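Enquirer: Structure below; questions to follow.
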């Protein structure tokens, strides 16, 4: 049964153009071709990335945060209360007014004390400023190195300048060590992001991030064993070219460098729009959709690859919408937070917000800031 499923999965007609078989991609005459078995190394490499990340955050990012005077904020902890804790874990983190009144009777606390307990309990679960900085530092370091390495891998290739050459001789295209390691490192890194996503800072686009990581892993894996490597290296280098700018803007934000954060974000927004909404759909997608049909009839692998590219493009449109919305508010002088962030709730004093006339949501943001919420001491 398993052998039958294995044979169907690796049926040449699914992954390769007509009249070609896996035997055509066997190593010979000193030419090395991509193989699915090459990808096994990415799982131990992903674990290695997690180990390297741990030590990087401990011995590089944390001292850097100290130099930039990024300190942990002391948070008031919610006192132990079994009734409220059970509701928090099973029913919701923000009880409605009727539920507050019920919990007040069950716990023997006043309604205001119940609300205060939930505010403090929610704040306990929010990531600290130092955690955010360390995470951004790690991603910035990887994306910057990957961007430089990616350009080094593709800049001397003829298909970087003439995309029709991406398909010249396809799929009988041998690989070189630089392509192999570029693929293995990128795929391993995205595996590590998927493994750590539960413990990383969660934002409002958490589900979209999971979809992005899964689609990226599938796309990189498929493009390797179906020998879409030339197109794959172009796509990976294109994505890396803007990611490190976003992570650096976050770092500047957490450090309180307001103007530098603003300027870096504007540069990021411009690069993102150009690469993800112009170059990717009108050059790369055109290359993967149109040029292969000049050589072979469409086959399953062709549809599968371009479908995954379509998923990524939809995510890019979603994120571009958020970026443009935040950029518009920034240009018009409206102070906003990171559209994806979950803002920490503050307490004006032990008397809470009674003197302020309502909850934390009713007060204006202090030193608010577009995209990355520069109210970093209170609201990030």
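Backbone N, Cα and C define each Cβ position, glycine as well.
Heads up, TrEMBL stuff is auto-annotated, nobody curated it.
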Enquirer: Transmembrane segment per TrEMBL sits at which of 45-68, 69-92?
Expert: 45-68
Enquirer: Quick one: sort out which of 265-291, 346-372 is the transmembrane segment according to TrEMBL.
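Expert: Residues 265-291 are the ones TrEMBL records as transmembrane segment.
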Enquirer: In TrEMBL, which of 190-209, 210-229 is labelled transmembrane segment?
Expert: 210-229
Enquirer: Residue list, the transmembrane segment (303-324) vs rest of chain: Cβ under 8 Å, 6 or more residues beyond ends.
Expert: 205, 208, 211-212, 215-216, 218-219, 222-223, 226, 228, 235, 269, 272-273, 276-277, 280-281, 284-285, 288-289, 339-340, 371
Enquirer: Using DSSP, how many residues of the domain 'Homeobox' (71-128) fall into helix, strand and coil, respectively?
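Expert: Looking at the domain 'Homeobox' (71-128) with DSSP, the answer is 35 helix, 0 strand, 23 coil.
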Enquirer: Would you report the average pLDDT that the model assigns to the DNA-binding region (73-129)?
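Expert: Mean pLDDT, the DNA-binding region (73-129): 84.
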